[in-house]
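Asks: First the structure, which I've put down as structure tokens, then a few questions once you've had a look.
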Amino acid sequence: MFELIFPGWLAGVLLSLTTGPLGSFIVWRRMSSFGDTLSHSSLLGIALSIAFNINSFYAILILMSFIAIILAWLEELLPVSLDTVLNIISHSSLSLGMVFISLISSKKEINITNYLFGDLLSVTKNDLITISISSILILSILLFRWHSILSSTINEELSQIDGINVLYARLTIMLMTAFTIAIAIKFVGALLITSLLIIPPATAQHFSGSPEKMVIIAIIVSILSVTGGISLSVFYNTPASPSIVLCSSFLCLISNIKKHFY
């Protein structure tokens, strides 16, 4: 039994190392809709990968990176709220992806459930290697660019005065988030990956007094959620990814109760 669940648990832990800090930046920037936009657009990437018979990871990564670059640029130019643009792109790409998949499924057999909810317990050794390399790469970039990204998140005007390229810092976060989602979507699913990005940092903010502490607590909450969710899946035969999200939501609920009553 241990040999069956350990790869999935380890994959969840490795993903937590990146979703914790990236999710914290998304929460600080109040860009929770950004994660939804990328995860929903991944369905369009999946449809295109099936239609053109290319690797789904590359199709999703290219599409989401393109969307991230466009959004970083549009945020500088558009007079409307970024949330408005995010919602338009999110639902348009989701609808377009579902239409394409519906058209393709008449010729090819497609299991859309795996794309929507993932399968964390199907992780292979090669998957673990890919996730490990990706996590090391993203964490290295975050550590190297931590000051500029954090400064531009807290106050863009002061960051510009200090000579920080705010657009570049914003684009770095968006592209790293796109890369993480492209890696994780196979195991967590398009509909649940945003939850793993947003809920742990939302839980951690009630216990932290500094950005660094919030990131660490978000990672711990995420690892606890992965451990609890996989345990629930093993003992009660529930889907792994939804079980992880439920555990994460439960921890968030507990943190809110603590905030209001203690």
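In case you wondered, yes, glycine gets a Cβ from its N, Cα and C as well.
Because the structure is a prediction, the values reported are computed rather than measured.
As listed in Swiss-Prot for this protein:
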TRANSMEM  8-28  transmembrane segment
TRANSMEM  54-74  transmembrane segment
TRANSMEM  84-104  transmembrane segment
TRANSMEM  129-149  transmembrane segment
TRANSMEM  179-199  transmembrane segment
TRANSMEM  215-235  transmembrane segment
TRANSMEM  238-254  transmembrane segment
Asks: Can you say which of 54-74, 84-104, 129-149, 179-199, 215-235 has the most Cβ pairs under 8 Å with the transmembrane segment (8-28)?
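Replies: Out of the listed stretches, 215-235 contacts the transmembrane segment (8-28) most.
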Asks: In the same chain, which residue numbers or ranges, 6 or more beyond the ends of the transmembrane segment (238-254), come under 8 angstroms Cβ to Cβ?
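Replies: Same-chain contacts beyond the flanks: 8, 12, 117-121, 187-189, 192, 195-196, 199-200, 202-203, 221-222, 224-226, 228-230, 232.
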Asks: Other than its close neighbours in sequence, what residues sit by the transmembrane segment (54-74), given a CB gap under 8 Å and a spacing of at least six beyond its ends?
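Replies: 34, 37-38, 41-42, 44-46, 48, 82, 85-86, 89, 93, 167, 170-171, 174-175, 177-179, 181-183, 185-186.
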Asks: Let me spell it out: take the transmembrane segment (179-199), skip the flanking residues so only those 6+ beyond its ends count, and list any with a Cβ under 8 Å from a Cβ in it.
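Replies: Same-chain residues near the transmembrane segment (179-199) but 6 or more away: 8, 11-12, 15-16, 18-19, 22-23, 26-27, 32, 35-36, 38-40, 42-43, 46, 56-57, 60-61, 64-65, 114-120, 122-123, 127, 130-131, 134, 138, 221-222, 225, 241-242, 244-245, 248-249, 251-252.
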Asks: Under an 8 Å Cβ to Cβ limit, what residues of the same chain, 6 or more beyond the ends of the transmembrane segment (215-235), are close to it?
Replies: 1, 5, 8-9, 12-13, 15-17, 19-21, 23-24, 120-121, 196, 199-201, 203-204, 207-208, 241-248, 251
Asks: List, by number or range, the same-chain residues at least 6 past the transmembrane segment (129-149) whose CB is under 8 A from its CB atoms?
Replies: 11, 14-15, 17-18, 21-22, 25, 159, 164-165, 168-169, 172-173, 176, 179-180, 183
